Structures are given as C-alpha cells and as structure tokens.
Amino acid sequence: MEELQTRHRKELKDLQGRITQKKKSSTKKTRKGINDECDRLQRELLDKQRAEISALLGGAEPPTSELENLNLAKGAGHSEEDPATGNNKSSNPSTTLISTSDTQTTTSPTPKETPQKKPNRQKARLARRAAEQEAEAARAVEEAVNQTDHRENERKNMDAVFSRLGLKEKEIRPDGHCLYAAVATQLGDKGISLKASPAATESSSLSSGSGAAGYRTVRDVTASFITNHADDFAPFIEESLPEYVRKIRDTAEWGGQLELQAIAQAYGVHVNVIQGDGRIEKFEPQNSNKEDDKTIWLAYYRHTYGLGEHYNALAKAS
C-alpha cells in the first residue's frame, strides 16, 4: 500500500504541473475549455487511483477515508515536495495536494475556479477615442469663433478705399477672363481703342470689341506685346515663352502682374490696382505722364469670390 501511495502522489504531482502549465498558457477565449480539460484529467486520474486501491484490497470498494484529501485544486501551480518527508507543500493555502492514510481514502470536491474579470480594452479604447474626438470638435468650434473673417475684412478695406478715392465698382463676371474684361471695360470708358498702337503690338488680327466683351482683344494685345518684348518678360516666366503666350491668347488662364505690366505698356496707361488690404499697386507705361484720363482702376480680390482671385473694374463715382 505504501508503494502504491507513493506512486499516486507522484502521478498527482505530475498532473498538477501539467494543469498549472495549461492554465498559464490559456487566454480569455480558451480558458473555459482548458478548465474543463483539467477537470476531466483530474477525475480520470482519481478514478484510476481509486480502482488501483480497490484492486490492492482484493476487489473490495475502498473506504471513503482511503482517498481522503486526494484532490488537485484548480489553479494550483506553485507546489514543492519536501525531499526529507516526501510530503507536498503548497504556496497557495487554498490548494490541497496529497494526504494519505494507512486505512482510509476519500476524494474532496474539486473547487471551481472563478475567472478574474479583466477590463474590456476595446471599450476603453473606444471611450478614449470618443473623448479625443469631442476635444477636437471643441477646439474646432473655438478656432472657428476666433478665426479672422478675411472676406469681411477685405470688403471693409475695399469700401474704405473706394469712399476715400471717390470710386464705384463695376462687377465683372468671375472667371479666368476677369482681368482682361475689367481692363476692356475701363479702356472703353476712357475712350481708348482696344487695338492699342501698332508699334506696341505689331498685330493686324485684332478685333476691337466693346466693354467687357473686348477681353479677347485685350488678351491678344497682351500676348503680342510679351512676344515682341520677350527679353523683358522671359526671365520671369518658368515655362517656355511660346506656351505662356499661347495660354494668354487662346485659353481662360488667369492674368497677374506680368500681364498687367504688359497691358500698361501696350496701351500706354497707368493701371492702379486696389488690394484687399487697402494697398494700391501701380503699373506704369514706359512714357509715364500721369494724366488722369489715362489711368484705369481695378479692384483685386482674394477672399470675396468663391473661385478665388478676381478683378473688378472701377470708375469715378458720379
């Protein structure tokens, strides 16, 4: 009997090590299956040992006291055997290992392990992200409240300059032709021919047009002047001069400072452009005489119109 009990203790200790290893490697998804498997292994071993004790007693059913304390607690994983006595010690007071008796053997119920509830990391991440989004929305609202209204400021600055200089605005259709249409309107009001001077353009294919409808003529005059004075303009053009001139003449490409300088020189007029911040940029012809009737006024907007940059024509208020 003593030899059998020694072997039973070793079998239980080995099984305890296997169960401990399985539980350590379990995850939240596999924990229930691991626990069920451990319960099954423990029951099978205890049934086998009970049968061996019964066989040793001559086939009689062993008394319940014969397997007293023969149990393997779930979750136990830190046991050690005293080499002097062969008895098992456990660092977990709730874990009962093997205790034998010369006369009786019993099996104590296997306690169920209550899985420790872990915090839901996904919910925590979602809550944290929601808090971050709420903070971002609050910052966006604050920035919108404190943001400078460039459109309103531009309009106020323009109106102040118009009032100071006695000018009124003539609306020009907002598209890529607006600069040339505004110039054509001003030239028509001043009685200046849209064809410009032959010496300036050397072009014989111009159609005069009238008012804003003459923007094509102004485009043609501008393109011809830049072509005939390539040395003055080429250093400021990133693409090839022929391609740049083609866009001026044949497309709705927006015009800018280079085109305004070419217009001032081609038509021999002073071009004053009121900016959105109240500044006035001036483009002078080569032979500047500063005659009032040879000065045209434009308003340049950056924020007021949805398409972006835009030019309107200006005239003296009556």
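Cβ coordinates come from backbone N, Cα and C, glycine included.
As annotated by TrEMBL, compositional bias 'Basic and acidic residues' applies to 1-16 (among others).
Positions annotated as compositional bias 'Basic residues' by TrEMBL: 20-32 (among others).
What TrEMBL records for 94-113 is compositional bias 'Low complexity'.
The feature compositional bias 'Basic residues' is assigned by TrEMBL to 118-128 (among others). For the compositional bias 'Basic residues' (118-128), the list of distant contacts is 28: same-chain residues at least six beyond its ends, Cβ to Cβ under 8 Å.
Taking Cβ pairs closer than 8 Å, the compositional bias 'Basic and acidic residues' (129-155) reaches residues 276-277, 301-304 in its own chain, all 6 or more past its ends. The compositional bias 'Basic and acidic residues' annotation in TrEMBL covers 129-155 (among others).
For the domain 'OTU' (167-317), the predicted model reports an average pLDDT of 86. The domain 'OTU' feature in TrEMBL is assigned to 167-317.
Among the features that TrEMBL reports, region 'Disordered' is placed at 1-37 (among others).
Taken from TrEMBL, the feature region 'Disordered' covers 56-155 (among others).
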